[in-house]
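Taken verbatim from TrEMBL:
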type     : residues                                         : note
TRANSMEM : B:7-27                                           : transmembrane segment
TRANSMEM : B:39-59                                          : transmembrane segment
TRANSMEM : B:71-92                                          : transmembrane segment
BINDING  : B:THR112, B:THR113, B:GLY220, B:THR315, B:ASN431 : K(+) binding site
TRANSMEM : B:129-151                                        : transmembrane segment
TRANSMEM : B:180-202                                        : transmembrane segment
TRANSMEM : B:238-259                                        : transmembrane segment
TRANSMEM : B:271-293                                        : transmembrane segment
TRANSMEM : B:328-353                                        : transmembrane segment
TRANSMEM : B:389-413                                        : transmembrane segment
TRANSMEM : B:455-475                                        : transmembrane segment
2 protein chains.
Amino acid sequence: MLDLRPVGYVIGLLVAMLGATMVLPLLVDLAQGQGHWRIFLQSGVITVLSGGLVALSCSNGVKEGLTIQQTFLLTTGVWLALPLFGALPLMMGATELRFVDAFFEAMSGLTTTGSTVITGLDELPRGILLWRGILQWLGGIGIVVVAMVFLPELRVGGMQIFRAEAFDTMGKILPRATQIAAQISVIYVFFTFACVLSYLAVGMSFFDASVHAFTTVSTGGFANYDASFATFTGPAEYIASFFMILAVLPFVLYVQLLNGRYKPLLRDSQVRVFLSVVAVLVGIVAVALTRMFPHHWEQALREALFNITSIITGTGYASVDYMLWGPFLISLFFFIGLIGGCAGSTTCSIKIFRYQLLFSSIRVQLQRIRSPHGIFTPRYNGKQVGPDVLNSVMVFFVFFIVSLGLFAVALALTGLDFTTSLSGAATAMGNIGPGLGEIIGPAGNFSSLNDPAKWILSLAMLVGRLELMAVYVMLTAQFWRA
Amino acid sequence: MLDLRPVGYVIGLLVAMLGATMVLPLLVDLAQGQGHWRIFLQSGVITVLSGGLVALSCSNGVKEGLTIQQTFLLTTGVWLALPLFGALPLMMGATELRFVDAFFEAMSGLTTTGSTVITGLDELPRGILLWRGILQWLGGIGIVVVAMVFLPELRVGGMQIFRAEAFDTMGKILPRATQIAAQISVIYVFFTFACVLSYLAVGMSFFDASVHAFTTVSTGGFANYDASFATFTGPAEYIASFFMILAVLPFVLYVQLLNGRYKPLLRDSQVRVFLSVVAVLVGIVAVALTRMFPHHWEQALREALFNITSIITGTGYASVDYMLWGPFLISLFFFIGLIGGCAGSTTCSIKIFRYQLLFSSIRVQLQRIRSPHGIFTPRYNGKQVGPDVLNSVMVFFVFFIVSLGLFAVALALTGLDFTTSLSGAATAMGNIGPGLGEIIGPAGNFSSLNDPAKWILSLAMLVGRLELMAVYVMLTAQFWRA
Ligand SMILES: [K+]
Ligand SMILES: [K+]
């Protein structure tokens with residue numbers, strides 16, 4: 001028999017913790033003196049009580065460790081339960097969102113997607129803006145833990161390649177998720193502080209610096225203004241680019257750095273390939289921009305760097321409306337969104353290491369076609385890769401593309417045009433934020449979409465955030481057998 | 001040392017044979033009494049002489065069999081040389097095309113893509129229309145031979161799964177390409193005759209029936225009229241649908257039928273899945289059409305059947321402008337084009353058997369995630385499939401999608417919008433014909449595209465027609481080593 005109590009216990013605790021964090025926007029709104037703080041008091045009480053009661057009622061079933069079945073249910077359950085409660089302040093507060101919109105916004109926050117259905121951000125109580133930032137910050141740290149601890153163990157989408165690595169690094173001393181989470185949290189909090197200070201240094205207010213630091217290091221991309229990051233053009237764009245890139249390098253390398261080992265970071269092939277890809281793309285776009293617009297070279301370089309970094313890391317801030325950058329750059333941005341950052345970070349989408357493995361596999365395939373009797377083995381980071389990992393990665397890629405097609409067709413069924421449907425499916429599955437076209441492009445907003453489309457996109461965000469398999473495995477009959 | 005003479009010999013012979021077929025449009029134009037026949041005399045003489053001279057000069061190097069290297073060069077070389085000469089009548093004749101347009105049209109013909117740059121088809125000399133039909137008919141039979149004989153031997157894109165099958169069927173009696181080709185030719189010619197007679201029976205002129213039969217059984221999709229198949233709405237649509245479907249079932253099953261074995265055709269899982277997919281899609285589209293338009297159910301069913309069949313088989317005839325069918329059906333048509341028919345037929349695109357293998361692989365993957373210590377094996381057509389084949393298929397899929405992205409970005413670089421770029425890349429790589437949008441949609445025409453876009457699309461047609469690997473393998477350094 002499937003015992004749901006251990007799953008309910010952990011989810012309950014996490015929900016209660018989410019409720020506890022509502023004290024922060026409560027205090028901010030209290031300081032503003034508007035009375036809007038009551039919303040967070042009510043939401044917080046409801047959330048803490050609900051979570052606490054569930055945890056309490058399940059606490060008699062808690063054992064050492066979880067079965068595979070329970071681990072999957074936990075992973076998906078967390079990302080379903082937290083948006084439900086995270087939506088409360090958005091429904092009850094000044095935004096007065098309907099349930100579908102509030103759930104979409106909270107899911108977009110916790111999956112670090114950053115697509116928003118809220119307009120008039122500039123006029124909102126600060127508590128709401130801070131709450132959106134907190135959702136993304138928590139979603140970011142949450143996914144790093146899941147990507148470093150759970151997915152490799154569950155052998156999802158080729159993530160098992162990082163299994164030995166993560167545990168080798170920690171040695172036998174830190175074998176548990178909570179302990180890995182603690183080390184990662186130190187790094188994540190450090191990045192956040194450094195980002196806040198850097199934003200302050202270039203003139204942002206303390207509130208803006210904090211919220212945008214939350215949504216930068218989580219590569220979430222929510223902003224406090226309808227104009228997104230266009231409010232802060234200039235040096236802030238360089239700072240944001242720097243921290244967005246830091247946030248999508250493998251966190252295991254930072255843990256090693258903390259432990260005094262800097263060589264893995266310098267030698268990691270995923271990091272090298274990722275930085276090279278960014279450099280090449282920034283170069284291409286900067287050249288294209290200087291040709292199209294009478295831009296100073298610095299402006300071209302800055303806009304290229306910021307917007308490429310924003311899309312490839314899956315942050316999704318916009319500093320300009322790149323729908324005005326002409327057909328080449330528009331199409332390029334669509335495909336760049338399908339690349340993503342490094343595994344074991346806050347990034348989503350397909351990710352660099354998978355492309356490295358796919359291209360390695362393609363090269364081997366071409367060698368085999370040419371010399372059917374030769375022996376060729378794909379490599380990653382200097383080591384041979386077994387067929388198990390390669391197969392997982394390819395299945396992931398196929399599944400990602402097929403899911404993208406199905407989500408796009410489902411969105412089209414709700415009446416959205418081809419570009420909006422396809423780029424909407426991609427931006428949701430890749431947890432990026434903006435899509436293409438007038439409706440959901442960098443200058444648009446998701447509020448005008450119909451309700452079914454918002455549900456479909458919410459599901460796509462969830463599926464994409466948990467690397468597909470972690471959700472889809474529950475759709476198989478076999479999963480539910482004991 | 002790489003000996004190019006055996007390759008040159010076969011290509012030369014095939015070019016000469018192509019030149020010889022120009023006698024047919026010559027005779028048709030002669031009968032029309034317009035003097036346009038001289039074009040085909042001149043083109044024919046040039047082509048036969050060029051091909052003959054190359055074959056003659058290479059004949060001293062002909063040996064038994066070809067090396068793998070030579071086989072690849074031959075396959076790609078044929079599909080580069082024939083369009084060059086096939087373009088001659090289009091440049092010299094009434095169409096007066098520039099080289100880029102003529103090459104595009106001939107490549108579109110010989111790859112059975114069916115995208116056209118010619119407008120005013122209704123006014124053209126019949127010789128030109130017949131020539132376009134002949135290019136597609138030859139391209140169709142050519143690709144069946146390549147797909148049944150060459151690709152399985154070259155282990156391209158998982159086609160090796162049909163290796164044993166093709167040769168088992170033939171027994172040891174017919175081990176050679178020429179003999180397999182002879183059997184296939186009988187079937188192909190029989191289908192063509194049956195199609196001509198059927199078209200005649202519903203009132204087409206003999207000329208229209210012949211040319212459209214050529215472009216139906218080859219799933220090429222060139223039509224004699226700017227309105228494409230809209231000229232023949234009614235019973236002709238059912239006939240066309242029937243023959244398009246016949247043309248994309250595995251030809252090896254017809255060979256077995258010829259030899260008195262009908263069971264393989266009835267039991268083949270690829271055939272069953274393909275027919276089921278068509279049935280489901282026709283049902284969905286027919287229902288959608290009756291809801292959108294005040295259609296009689298027969299019209300809805302007929303338009304759904306004809307247009308779905310036309311896209312999924314990669315024929316690309318249009319009987320209506322489905323860009324007017326609303327966003328859902330437009331997006332659906334894009335993804336249907338990426339399905340394709342069965343392997344070893346005239347169809348192109350990704351093909352049903354690859355999806356069967358991919359889904360089988362995904363199912364196994366999900367089972368393994370759930371039960372890491374269980375043993376699960378993917379199956380196809382009731383038999384276990386080795387990792388070699390699965391790997392080939394997945395590499396093919398990944399490569400197809402990545403190539404699609406690169407071709408789309410390249411097209412966007414020439415200034416085409418997102419929808420035109422992406423659907424243009426897909427329709428060319430899938431050898432389908434029409435794309436999406438106003439420019440290259442079912443009511444559009446490829447003539448207004450810029451020259452670089454036409455070259456890119458020509459390359460995409462070639463790469464897609466030869467299942468990618470057969471072309472890309474030549475881009476590796478290793479290929480050219482002895
Ligand atoms: K994002
Ligand atoms: K076609």
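Including glycine, each Cβ sits where the backbone N, Cα and C put it.
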Report task. Report, as numbers and ranges, which residues of the same chain sit near the transmembrane segment (B:7-27): CB under 8 Å and 6 or more residues beyond its ends. Result -> 37, 40-41, 43-59, 61-62, 66, 70, 73-74, 77-78, 81-82, 85-86, 89, 126-128, 130-131, 134, 138
Report summary line: Residues outside the transmembrane segment (B:39-59) whose C-beta sits under 8 Å from one of its C-beta atoms, at least 6 past its ends, are 4-20, 22-23, 25-26, 29, 85, 88-89, 92-94, 127, 131
Report task. Determine which residues of the chain contact the transmembrane segment (B:129-151) at the Cβ level, with the cut-off under 8 Å and only residues 6 or more beyond its ends counted. Result -> 18, 21-22, 24-25, 28, 40, 71, 75, 78, 82, 86, 89-90, 105-106, 109-112, 114, 116, 121, 157, 159, 162, 166, 177, 180-181, 184-185, 188, 192, 207, 210-212, 214-215, 217-222, 224, 247, 251-252, 343-346, 348, 465-467, 470
Report summary line: Counting Cβ atoms within 10 Å of each Cβ, the densest environment among the binding-site residues B:THR112, B:THR113 belongs to B:THR113
Requested in this report: Around the recorded K(+) site, report the further residues of that chain (criterion: Cβ within 8 Å of the mean position of the Cβ atoms of B:THR112, B:THR113, B:GLY220, B:THR315, B:ASN431; site residues excluded), sequence-ordered.
Outcome: B:SER108, B:THR111, B:GLY114, B:GLN136, B:GLY139, B:GLY140, B:THR215, B:SER218, B:THR219, B:GLY221, B:GLY314, B:GLY316, B:THR346, B:CYS348, B:ILE432, B:GLY433
Query raised in the report: Per 10 Å Cβ neighbour count, which of the binding-site residues B:THR315, B:ASN431 ranks highest?
Result: B:THR315
Report summary line: Given B:71-92, B:180-202, B:455-475, the one sharing the most C-beta pairs under 8 Å with the transmembrane segment (B:389-413) is B:455-475
Report task. Would you mind listing the long-range same-chain contacts of the transmembrane segment (B:180-202), meaning Cβ under 8 Å and 6+ residues beyond its ends? Result -> 137, 140-141, 144-145, 148-149, 166, 170, 174, 208-210, 212-214, 216-217, 232, 234-236, 239, 242-243, 246-247, 251, 254-255, 258
Report summary line: Cβ-Cβ distance under 8 Å, sequence separation of 6 or more, same chain as B:GLY220 (K(+) binding site); the residues meeting this, in order, are B:GLY109, B:THR112, B:THR113, B:GLY114, B:GLY133, B:LEU135, B:GLN136, B:TRP137, B:GLY139, B:GLY140, B:PHE214, B:THR315, B:GLY316
**Report entry** Intrachain neighbours beyond the transmembrane segment (B:71-92), with Cβ under 8 angstroms and 6 or more residues off its ends
**Finding:** 4, 6-7, 10-11, 14-15, 18-19, 22, 25, 39-40, 42-43, 46-47, 50-51, 98-99, 101-103, 105-107, 109-111, 118, 127-128, 131, 135, 138, 142, 146, 150, 153-154, 458, 462, 465-466, 470-471, 473-474, 479
Query raised in the report: Can you tell me the three-state DSSP label for B:GLY220 (K(+) binding site)?
Result: coil
